[in-house]
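Student: Below is a structure I'd like to ask you about.
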């Protein structure tokens, strides 16, 4: 913008360019929004135009909702300049709205209208909406049970893993005893413990908590340990000459320096604990989204499965987003971290 | 005894301490082989003196500084600060290393506050941190993080982090070695004026004969490893000194001769 060249001066002097760029700018800024509104209208039309091949109660509402979204996309992007940051955000996401509208149209036509995809296994969008409206209490109970189990196990695993990692990294004696155990047990997938855990623990809930904690604890331990072990001696020298006691060296030097590693461990632990959570719920626990999936499959309620899967994906993604935002807050001093 | 010492420390800003290095020898164990680094080094430093330690690269000067700081223990000989045996690191002897080694997770202010925080006196003496930042002219960068600073600024913060403790002995391990030549000249002048104001005893390790002569009262020249004292030269010139001073030029020629570099002059 700030560079000046001879051609800029010439171009501004020529009147023929003044109209065409205006149109081009308008198309560039609002064209995608118009396109998004077209694809969503197509989705709405596809819902309402033909009769459904099956019996679904939410087709009409879904069609109306699609037209509402089409209208929002149209006015939101065209009038973005008057809508402040919300308009800007909408414009940025407009290409995704286009793709989503096209995908939903295709999905609707391929399932509910022409039945190109075999029906009980591939439910149309309105069937999934129906699950959310009609089976909400059960779904919410499952979400609550899953979050409770996951949160408890993860917090225990992360805390124990962090403390173990710091101890191994700091104390040679602790390392001598814990390291071999860690090497022997750590790489074992936590799910391999499932059969043993379910009859040794008093309840399936405590067994699952233990397994989730185990799955979380291993990567957190190893990465915390490597973080503490890789702290440069120069930091300790500086702190010692300034009068630091051992507790200060651990709490104010080793741990903050190791924190970037710890967060990698927490991230990896989160991923593997999700896997354990779902398997544990499918096999032993009589609640939660994993159990809901299993239950839906037993009743051949495929729409419920997709609905639960979508919720699960939102929850897992939300958990990782939360972890990353905590990291960004704690590690503001780092430059160039990955944006989730 | 402790109480009076404490009272003194509070009422008088620290003046320099005397430092006695007596027949110190030291060696490293590298894969079972003993590698001697210091051989029978004796230096007696008066309170408030500015002593430069000059010697070939890798001769053991930095090792000597670590012994003075109390970070390592000598294999033989004794080190004393004001008649008291040096056994552990203590904030009365603060080191500024060649790399600023600021803690990247702490802001500039928190880095400077490190010593007071480690000693548990930060809450009552926050003003000292502000003063130290003023002293090195970086008050406006108090909230910056180390990765936002230039090399010279980072080294100034490291200096403030040392000075906030009112050290009796300031130990400088080539602190200007990695700076560009302009920043270096500016910071040499700043070091001299800080030393004149605060009157701490200063030990400076350097490779640079000119830097040693512009800054120090005394220049001690070391031999190749294992290092022993080759010459102890008094530099009796008033400050601020000029690089072109013929007296200093003459000393420089002598020193380079001692280091076996006559031909380059």
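Cβ atoms here come from the backbone N, Cα and C positions, even for glycine.
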Student: Quick check on the annotations: TrEMBL lists transmembrane segment for one of A:207-236, A:237-266, A:267-296. Which range is it?
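Tutor: Per TrEMBL, the stretch marked transmembrane segment is A:207-236.
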Student: Can you dig out which of the ranges A:96-116, A:117-137 TrEMBL describes as transmembrane segment?
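Tutor: Among A:96-116, A:117-137, the range TrEMBL annotates as transmembrane segment is A:96-116.
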Student: Can you name the far-off residues of the same chain, 6+ from the ends of the transmembrane segment (A:151-170), with a Cβ under 8 Å from a Cβ of it?
Tutor: 178-179, 182, 208-229, 250, 254-255, 258, 262, 265-266, 269-270, 273, 276-277
Student: In terms of Cβ proximity under 8 Å, which residues at least six beyond the ends of the transmembrane segment (A:207-236) contact it?
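Tutor: Distal contacts: 149-150, 152-154, 156-158, 160-162, 164-166, 168-170, 182, 185-187, 190-191, 193-194, 197-198, 200-201, 249, 253-255, 257-262, 264-266, 268-270, 272-273, 275-277, 280-281, 284-285.
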